[in-house]
Structures are given as C-alpha cells and as structure tokens.
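Peer 1: Provided herewith is a single structure, encoded as structure tokens, for subsequent inquiry.
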Ligand code: HEC
Ligand code: HEC
C-alpha cells in the first residue's frame with residue numbers, strides 16, 4: 001500500500017518536474033536497449049550500442065540521422081511502403097509515441113567516428129562515384145546526388161537524408177530496393193526516378209564515394 005502510494009507520488013512528481021524531452025529520451029533509450037513486448041526487438045542488437053550499424057550485415061547507421069527522417073522510415077516500415085522483412089515486424093510493434101521517442105534518441109546520438117571510413121574501393125571507383133555524386137549523369141537524366149542530399153551528402157532537413165558516412169552496401173541495397181519497387185516511400189518518386197536510371201556499377205561507385213565521406217558531426 002505504502003509502496004504503491006510512494007510510487008504514484010514519485011511518478012506524479014516526475015511528470016511535474018521533468019521536461020517532456022527527458023522522459024521521451026528515457027523511453028527511446030529503453031526501447032533501443034531492451035525493445036518492448038510487442039515485437040520490437042532491442043535496436044542495439046543490430047544497429048549497435050553506438051548506433052553505427054553493421055556494414056557486412058546490411059544494418060544502417062542510425063546515429064546522427066535526422067530524427068524526423070528516422071520516424072518517417074519507421075512509419076513507412078509499419079505501413080509496408082517500405083517493404084523489408086526484418087524491419088516491418090519490428091516497426092509494427094512500436095506505438096506512435098515509441099517511434100517518436102526512439103527516433104529522437106538516435107537523432108540526438110552523435111555519429112560515431114568510424115562513420116566514413118568504411119570503404120576499400122579503388123581510386124578509380126571513388127573518382128567515378130564522386131563525378132556521379134557531384135555532377136550527376138545528365139545524358140540519362142540523373143541529377144547530382146548532392147543537389148538533393150546536400151553538399152557532400154550531409155543531408156538537408158528531414159526530407160533528404162544524410163548519406164555521407166553510411167555503409168556502402170546499405171546504400172546500394174536501397175538503390176536496388178527502389179529499382180525493384182520494394183521501397184516506394186519517397187515523396188513524388190524523387191529517389192525512384194534516380195535509382196531506375198542507374199546501373200549496378202554506377203550505384204556501387206556512388207555508394208563507395210559516400211561511404212568514404214565523414215558523417216556530419218563524426219570527425220569535426
Ligand atoms: C534484427 C536486426 C534489426 C533490429 C533488431 C532492428 N533493426 Fe532497424 N534495420 C535492420 C535492417 C536490416 C535495416 C535495413 C533495411 C533495408 O535494407 O531497407 C534496418 C533499417 C532501419 C531504419 C532505416 C534507416 C534509414 O536510414 O533509412 C531505421 C529507422 C531502423 N532500422 C530503426 C530501428 C529501430 C528503432 C529498432 C529498434 C526498435 C531497430 N531498427 C531494430 C535491422 C534491424
Ligand atoms: C531529386 C532528389 C534526389 C536525388 C537527385 C537523389 N536522391 Fe537519394 N533520396 C531522395 C529522397 C527524397 C530520399 C528519402 C526518401 C524517403 O523519404 O524515404 C532519398 C534517399 C536516399 C537513400 C536512402 C537513405 C537511407 O538512409 O535509407 C539513398 C541511399 C540515396 N537516396 C542515395 C542517392 C544517391 C546515391 C543519389 C545520386 C545517384 C541520390 N540519392 C540522388 C532524393 C534524391
């Protein structure tokens with residue numbers, strides 16, 4: 001009796017004295033580390049304790065990506081606009097409040113220093129990738145990646161994600177997902193139009209180039 005009263009009093013006090021952001025980030029951290037009992041597994045088991053993901057396994061870095069972008073992706077996994085067998089059931093186990101909290105948690109986390117050091121591509125491939133990234137391929141209607149993703153692929157607002165310092169294999173897997181229609185969650189098919197015009201070799205070169213660039217905030 002006394003215990004539950006004290007618990008209630010403490011909860012009441014917490015709600016009164018702690019700013020909402022603190023509570024939300026606690027929820028985000030708990031979800032990341034432990035998941036929940038609705039089918040959302042602990043995010044850290046794949047995306048890593050520092051949010052750096054895993055290049056070989058195809059788990060993207062989440063740390064330092066825009067929180068609203070991350071939240072949109074989780075909503076798109078929920079609705080199957082982004083169709084991916086591992087993430088769909090995990091996102092479907094999250095409530096709207098949990099999505100906001102866990103997206104905020106990863107958005108606030110600084111990108112790890114390792115982001116942007118993940119390529120062993122040759123100089124030739126990197127140069128080809130840089131040309132596609134910076135100038136596009138106008139002969140086939142592909143604009144420069146940086147015209148949407150910002151200088152050096154550092155991202156612009158919530159709509160155009162940071163691709164600098166993301167894993168190369170993950171970048172090419174997303175281009176393939178747009179080509180096959182597995183991912184069709186981009187506004188106005190902005191990214192689909194780009195992906196559909198790229199060969200595998202071009203996608204790999206652009207991916208290697210962006211994977212070689214430091215993520216914003218990681219090495220500055
Ligand atoms: C079993 C491994 C696994 C677990 C656990 C996991 N993820 Fe993922 N996650 C993935 C994979 C694989 C992808 C890449 C999906 C693709 O290729 O489209 C991904 C992609 C994502 C993306 C898209 C990122 C982007 O740049 O678009 C977000 C956001 C995400 N996960 C959030 C989470 C959150 C939040 C949790 C915990 C609640 C979580 N993930 C747990 C494997 C996992
Ligand atoms: C016309 C604008 C535009 C151009 C040009 C563009 N993109 Fe995108 N790209 C987008 C948008 C918008 C999204 C986010 C879609 C969404 O909401 O999920 C995106 C998402 C991505 C993603 C997924 C990131 C993640 O975290 O899952 C990758 C990878 C990507 N783009 C690579 C490229 C590459 C490489 C190029 C150049 C060859 C390029 N993009 C050119 C608009 C563009």
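Each Cβ is built from the backbone N, Cα and C atoms, and glycine gets one as well.
Annotated domain 'Cytochrome c' per TrEMBL: 23-110, 124-214, in sequence order. Sequence annotations record features per position, and here TrEMBL assigns heme c 1 binding site to 43, 46, 47, 87. Per TrEMBL, the feature heme c 2 binding site maps to 145, 148, 149, 191.
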Peer 1: Three-state secondary structure of residue 87 (heme c 1 binding site) from DSSP?
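Peer 2: In three-state terms, residue 87 (heme c 1 binding site) counts as helix.
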Peer 1: Taking only the Cα atoms, work out how far residue 149 (heme c 2 binding site) lies from residue 87 (heme c 1 binding site), in Å, as a whole number.
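Peer 2: Here the two Cα atoms are 24 Å apart.
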Peer 1: Might you list, by sequence position, any residue in that chain lying six or more from residue 46 (heme c 1 binding site) with a Cβ less than 8 Å away from its Cβ?
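Peer 2: Once residues fewer than 6 apart are set aside, residue 46 (heme c 1 binding site) is near 53, 54, 57, 59, 86.
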Peer 1: Under DSSP, is residue 46 (heme c 1 binding site) helix, strand or coil?
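Peer 2: Its secondary structure by DSSP: helix.
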Peer 1: In the domain 'Cytochrome c' (124-214), how many residues does DSSP assign to helix, to strand and to coil?
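Peer 2: DSSP classes over the domain 'Cytochrome c' (124-214) add up to 58 helix, 5 strand, 28 coil.
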Peer 1: Could you name the residues, excluding 43, 46, 47, 87, of the same chain that surround the heme c 1 site, i.e. Cβ within 8 Å of the Cβ centre of those residues, in sequence order?
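Peer 2: Result: 41, 44, 45, 53, 59, 62, 86, 90.
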Peer 1: If you count CB neighbours within 10 Å, which one among the binding-site residues 43, 145, 148 has the smallest count?
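Peer 2: Each of the binding-site residues 43, 145, 148 was scored; lowest Cβ tally within 10 Å is 148.
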Peer 1: Give the mean pLDDT for the domain 'Cytochrome c' (124-214) on the 0 to 100 scale.
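Peer 2: Here the mean pLDDT over the domain 'Cytochrome c' (124-214) amounts to 97.
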